[in-house]
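Trainee: Quick one: this structure, given as structure tokens, is what I'll be asking you about.
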Amino acid sequence: MENQVLTPHVYWAQRHRELYLRVELSDVQSAAWWSPSLALEAWPSEFVFAEALRGNPAISITENVLHFKAQGHGAKGDNVYEFHLEFLDLVKPELVYKLTQRQVNITVQKKVSQWWERLTKQEKRPLFLAPDFDRWLDESDAEMELRAKEEERLNKLRIESQGSPETLASLKKGYLFMYNLVQFLGFSWIFVNMTVRFLILGKGNVIFVESFYDTFHTVADMMYFCQMLAVVEAINAAIGVTKSSVIPSLFQLLGRNFILFIVFGTMEEMQNKAVVFFVFYIWSTAEILRYPFYMLSCIDMDWKVLTWLRYTMWIPLYPLGCLAEAVSVIQSIPIFNETGRFSFTLPYPVKIKVRFSFFLQIYLIILFLGLYINFRHLYKQRRRRFGQKKKKIH
């Protein structure tokens, strides 16, 4: 006796791009009953049986018609259930389905992203078909959901193009490591060059004197490079790449570059003075301790000896450096007065000559103000790093 064709309950919902069908059929199992002959009897010869031959359920789309056949537990008990749906508009032949213990979920892609007034081509809704109110949305709500998904997709693409937070952090660490390495090598070259000239070449009195007075012509090019590159350090602090304070970094950068490019760089008479040796030597000594500490911090390493030197050696070096810079400014004042370089006369009717030495005197005040700001900043850093020693209570 031929079995009666049973139809399961099917619930549907849609979005602009997709159709969702929920087939109320539980315990859908692998179909031992299924065979190509049954498929040929059930559907047209044009049907592709790839899914059917795999077993239960047999679901496919051909000529815009969804074919479903499966064995499971439905309204009429454990039986074979099937249905066919001809869609209102064109859909893609590929579909996705998922089996659960209680139902079969099917997702079909529309060929054109648009809202359908109904699911089937026939105006009268099949008796087994009903709206899936768990997933049902009005067209306006579906449009809002679609926009939200599109925004999420664009945000994801933006994040992928910019790189993940871990990748950005690695790139930042690599960039800072290379910057500090280059600065360390540059100042190390200056420090070693000056030390060798002072200790090894300074055996004779004449060469000993030259080791002081020929400093600028020996290491000036490298010092120019390092100090111009130090602009990056102030920019990093300003844009938040590093946690350094902007004002102390800017004070040190402008102060050193003023001494290097204006006081030493523009006056040949200053380039042959011994004070150049002391200024350059103190600068390079401070930096060959500071930049290796920053390099190790980029790779999360802490060498206690270097850390102690970084937060301690500035105590004598910064005042000595400030003193050497002040001496160089004081020595340059009569030279600037004599040459008249950078001096100017105010226009009529004032006609007062303003000497550059006036600005040098103002700079001396700013120099010691900058020393106070940097000293205070570094002291706070040292106190945070090592903590305040508690007084013993006797």
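Cβ atoms here come from the backbone N, Cα and C positions, even for glycine.
Pulled from TrEMBL, these are the listed features:
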DOMAIN    5-120  domain 'CS'
TRANSMEM  181-202  transmembrane segment
TRANSMEM  222-242  transmembrane segment
TRANSMEM  249-267  transmembrane segment
TRANSMEM  273-293  transmembrane segment
TRANSMEM  314-336  transmembrane segment
TRANSMEM  356-375  transmembrane segment
Trainee: So what's near the transmembrane segment (314-336) in sequence-distant terms, Cβ-Cβ under 8 Å and 6+ beyond its ends?
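Mentor: Apart from its flanks, the transmembrane segment (314-336) reaches 255, 259, 263-264, 267, 269-270, 273, 275-276, 278-279, 282-283, 285-286, 342-343, 355-357, 360-361, 363-364, 367-368, 370-371, 374-375, 378.
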Trainee: Going along the chain, which residues at least six beyond the ends of the transmembrane segment (181-202) come within the CB cut-off of under 8 Å?
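Mentor: For the transmembrane segment (181-202), the nonlocal Cβ contacts are 208, 210-212, 214-215, 218-219, 222-223, 225-226, 229-230, 277, 280-281, 283-285, 287-288, 291-292, 295.
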Trainee: Grab the pLDDT values for the domain 'CS' (5-120) and give me their mean, rounded.
Mentor: 80
